[in-house]
Amino acid sequence: MAVLITGIGELTTNDAELGKLRDAAVVVDGEVIAWVGSAADAPEADERIDVDGRAVLPGWVDSHTHLVFAGDRTAEFEARMAGKAYSAGGIAVTVNATRSASDEQLAANLRRHVDEAAKQGTTCLETKTGYGLNVEDEVRSARIAAEVADEVTFLGAHLVPPGADAESYVDLVCGDMLDAVAPLVRWADVFCETGAFDEAQSGRVLKAARERGLGLRVHGNQLGEGPGVRLAVELGAASVDHCTYLSEADVEALAASDTVATLLPACDLSTRQPLAPARRLLDAGATVALASNANPGSSYTTSMAFCVTTAVLQMRMTIDEAVWAATAGGARALRRDDVGFVRPGARADLQVLEAPSTTHLAYRPGVPLTAAVWRRGELLTSGFASKR
Ligand code: NIG
């Protein structure tokens, strides 16, 4: 069935030729976008929805979350707000809770958070393993993630489990764990940071994953400058995520590469780090994505709108740069061109704002502006749905 969405006051397409359109319309046919153009030229369709001058843009593409987990870390957050520093060690608390949870509990928790994100406009979401840290729990995390998320990343190298020997654990990750998980995932990641995995260990994990045909991602430069960005670029990773502390050489390396710098502003705020240097990256010519990093420790939010607002108000990104980074930028970080765009052939993933333009995402900070969301052509939520 074809649906005509018309009366669009401002349409962000992210398509170089279509650009940003005023008084626009979109035809959704099944799961894909069939037509985009001026409302005056719109073809007939089976159903017509008039959005009455509201802004329409692609659904958010959240390319970095950790949502296969159980348990709660409110106490850690409270301690942090009282002045305690964030460290990688907190991950172990979630590992214990995750290992103790049933498959059903993990799946329900994941689905609850994905639904929460969808209601706020997220239509494509990556999530990771990384709270299992043994073969059995990493495999079940990947299996549960694959049932719900658009993209799944293996993060067995998230933390050396307490009590384990680091080199033996890396051997396990590079051997039996990768063998068991690789068929279930598209990506592999490593937390390359003081307190997690050093450069040599991270390189071993990434190369072992690449040998099994997985795409690479890296958690790098979150808590201080370090080798993460350099390693990611050298190994051709699709993205390096966090990028909070960057040397000039890191910025230049990213600008000269295809590796996307994925910035996680909600995490920077929640861990009381400085905000990542978005302006330096953009001015140097690097490709920047924004993601939520939704997880129970360092960034417990699914709100991509909050990330966009923060990027504009505090990281000096323009509205257009921030919206692009949270949609097409996330798609680039996931090496996809079927999401993050509103153009014929793209997946019909759209959001309508309760506002005439995307500027309102920063102009009205904290106001829930998601008025309607389509994912794969299905209307998930609508606060207005005027059908005429
Ligand atoms: O991206 N940095 C590593 N992993 C997560 C944090 C996970 C946690 O603290 O539970 C992150 O911030």
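Glycine is treated like the rest: Cβ placed from N, Cα and C.
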* According to TrEMBL, H64, H66, H219 bind Fe(3+); which one of N134, N293 is listed for that same site? -> N293
* **Residue in H113, H158 which TrEMBL records at the 4-imidazolone-5-propanoate site where R73, Y131, Q222, S298 also bind** => H158
* Roughly how wide, in whole Å, is the group Y131, N295, G297 that binds N-formimidoyl-L-glutamate, by largest Cα to Cα distance? -> 11
* Asked: Where does N295 (N-formimidoyl-L-glutamate binding site) sit by DSSP, helix, strand or coil?
  -> strand
* To do: Find the shortest Cα-Cα separation between R73 (4-imidazolone-5-propanoate binding site) and the binding-site residues H66, N295, G297, and name the residue that gives it.
  => G297
* Asked: Quick one: Cα separation, Y131 (4-imidazolone-5-propanoate binding site) versus N295 (N-formimidoyl-L-glutamate binding site), in Å?
  -> 10
* Structure fact -> Reading the DSSP string in three states, the entry for R73 (4-imidazolone-5-propanoate binding site) is coil
* Go through the binding-site residues R73, Y131, H219, N293, N295, S298 and pull out the ones with a Cβ less than 6 angstroms from some atom of ligand 1. => H219, N293, N295, S298
* **Reduced DSSP assignment, H219 (Zn(2+) binding site)** => strand
